[in-house]
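Database features (TrEMBL):
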- 152-224: domain 'Concentrative nucleoside transporter N-terminal' (DOMAIN)
- 231-328: domain 'Nucleoside transporter/FeoB GTPase Gate' (DOMAIN)
- 334-555: domain 'Concentrative nucleoside transporter C-terminal' (DOMAIN)
- 47-66: transmembrane segment (TRANSMEM)
- 72-94: transmembrane segment (TRANSMEM)
- 119-138: transmembrane segment (TRANSMEM)
- 144-163: transmembrane segment (TRANSMEM)
- 224-250: transmembrane segment (TRANSMEM)
- 307-329: transmembrane segment (TRANSMEM)
- 391-413: transmembrane segment (TRANSMEM)
- 425-444: transmembrane segment (TRANSMEM)
- 500-524: transmembrane segment (TRANSMEM)
- 536-559: transmembrane segment (TRANSMEM)
Amino acid sequence: MGEDRYSDKGSIKSQSKKTKKGLGTYLSQVSRPINATEKYFKAHSKIFKYVVLGILGAGYVAYFIAACVLDFQRATALVVLTILAVVATSYELLMKYKGESISHFLKPAVRCFQSNLKWLKWVFILAVVVLLVLWLVLDTSKRPEQLISFGGVCMFIVLLYLFSAHRSMISWRPVFWGLGMEFCIGLFVIRTEPGLIAFDWLGKQVQVFLDYTKEGSSFVFGDLIANIFAFQALPIVVFFSSVMSILYFLGIMQWLILKISWVMEITMGTSPTETLSVAGNIFVGQTEAPLLIRPYLKEMTKSEIHAVMTGGFATIAGSVMGAFISFGIDASSLISASVMAAPCALAISKLSYPETEESAFKAEKNIKVACGDEQNILEAASSGASASIGLVANIAANLIAFLAILAFINQALSWLGGMVGYPEITFQLICSYVFMPVAFMMGIPYDESFTVAELIGTKVFLNEFVAYEKLSELKSNRLNGMDEVIGDERQWISVRSEIISTYALCGFANFSSLGIVIGGLSSISPSRRSDISSLVLRAMVTGTCVSLINACVAGLLFVPPLDCVGIFRGSAFNATDLNIQQSTPCCKICNFGNTEHFVYCKFEWNSSDVFKNTCE
């Protein structure tokens with residue numbers, strides 16, 4: 001019996017071995033064609049890659065043509081994005097495969113240009129000065145108030161020169177090139193029809209994009225998003241931060257920043273590191289942009305560190321811009337102000353604190369941009385949202401603290417003023433007198449300059465959120481047809497003053513940001529803490545001047561909209577008496593049937609039939 005038991009166990013083991021062997025043989029036979037297919041795909045991966053890309057490309061072309069044929073206006077955004085993608089891809093491919101050939105071909109022309117650079121430089125400067133003088137004479141002859149804004153630009157440059165850290169060491173190349181680039185961008189955005197259309201379209205697309213925030217915030221907060229600031233504006237910061245993180249993961253942000261910094265670097269002659277950081281400030285905040293140059297910060301000169309901080313103070317982050325747009329601030333003006341501020345920040349920084357040392361990165365050609373550690377898009381989106389928690393909390397906490405402090409200061413000033421018969425004294429009133437000359441030199445009408453001066457003081461001593469919230473209130477009052485002045489208090493300001501104020505307030509330069517910058521940069525490079533601390537106040541003042549110069553340029557270039565109400569009212573609703581030259585632009589602008597444009601044109605009548613008939 002014992003032998004039978006052992007023999008049974010042996011037979012079971014032998015059978016299990018056969019079964020395992022048979023299963024392994026079967027699986028290996030099944031996997032053979034799979035392995036062969038995998039090897040074939042690996043061996044011909046490039047061919048399959050091009051085939052798939054070709055199919056996708058052909059499908060997209062068919063879709064693109066169909067969209068344009070069915071409704072070209074509806075497909076405008078698709079057309080713009082496609083053109084940008086094609087241009088960017090073509091440029092990259094051209095530089096990759098033909099860059100050396102093009103460089104070799106252009107070498108004789110470059111040598112010729114460099115050998116004649118001295119006299120060509122003076123010819124160029126003379127031509128620019130003559131054209132600028134002619135433009136000022138011809139353009140400001142129609143609107144002399146624009147000359148005040150030009151005087152404001154000159155005033156700030158002279159003041160910055162007088163208070164420069166090293167006047168004898170100033171290099172005027174970055175100063176004039178930076179201001180020239182700022183002026184050209186402003187001229188394109190504010191005065192040319194393509195620029196107006198492009199940035200107006202871009203602003204509307206940004207507004208539409210930001211509206212998607214409501215889908216997430218309404219799910220979390222429900223009906224609370226309707227009237228409560230914390231649930232209405234702050235979720236936009238979270239959404240925008242998440243989107244920016246995705247764009248960084250895809251490499252789109254790095255590509256944009258590198259191209260913008262390259263243009264500024266070759267024209268202004270600044271070092272790659274400081275230029276890269278300032279270019280990054282167009283899209284990200286004052287503590288995020290220096291992360292792009294983290295490995296280089298410890299070896300940068302004091303002038304370069306000053307430029308990095310000035311760039312942070314002179315601009316606003318994209319995520320915060322989204323919150324300001326939700327206030328009702330003009331989106332196209334905010335976008336153009338951020339773009340214009342980048343070259344201006346570098347220019348004014350080099351005027352306020354010129355380079356006195358030899359930069360270690362002047363000849364550096366391949367500055368590497370720091371990237372995130374995310375493994376996929378979902379992780380990038382999640383980390384971006386998580387990173388915004390601190391920013392959102394910081395915004396909310398600062399608003400609570402500063403508005404409470406402002407109320408206390410106003411009450412204290414009123415109490416002190418009441419002792420001598422002036423209980424109406426407030427912080428805003430003091431700011432209105434202190435900053436009134438600044439507001440006036442930006443091109444603000446005298447009677448409105450006190451109100452704008454309040455906004456500037458609020459922005460500098462408190463923060464830009466409080467200032468923009470007040471500006472949005474003034475704009476809302478104008479659009480709602482409120483009386484211009486009630487009692488002694490102005491309820492709204494003109495469109496021109498709104499636009500100039502939007503540029504003047506566009507920046508993080510305020511006393512509450514000093515600690516943020518010192519802490520942020522010191523954590524990146526602890527060895528430079530003393531330099532950062534000694535330069536931060538000058539950088540904040542310089543950043544404030546950048547925003548104010550931006551506002552002066554906007555005031556110089558801005559053309560006020562037609563007073564269509566006055567034109568139609570003067571015609572006494574009689575089309576025969578109507579000046580066709582004046583009425584045609586009004587009919588185009590007001591686009592009867594669109595209530596938004598009615599408000600913009602400030603029509604005071606409930607019925608639009610008369611105006612519609614007049615235009616027809």
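A Cβ is built for glycine as well, from the same backbone N, Cα and C atoms used for every other residue.
Owing to the predicted nature of the structure, the values given are computational and were not obtained by experimental measurement.
Against the transmembrane segment (536-559), stretch 144-163 shows more Cβ pairs under 8 Å than any other of 47-66, 144-163, 307-329, 391-413, 425-444. A contact links the transmembrane segment (144-163) to the transmembrane segment (425-444), because at least 3 Cβ pairs that are 6 or more residues apart lie under 8 A.
In terms of DSSP secondary structure, the domain 'Concentrative nucleoside transporter N-terminal' (152-224) contains 64 helix, 0 strand, 9 coil. Taking DSSP states H, G and I as helix and E and B as strand, the domain 'Nucleoside transporter/FeoB GTPase Gate' (231-328) has 79 helix, 0 strand, 19 coil.
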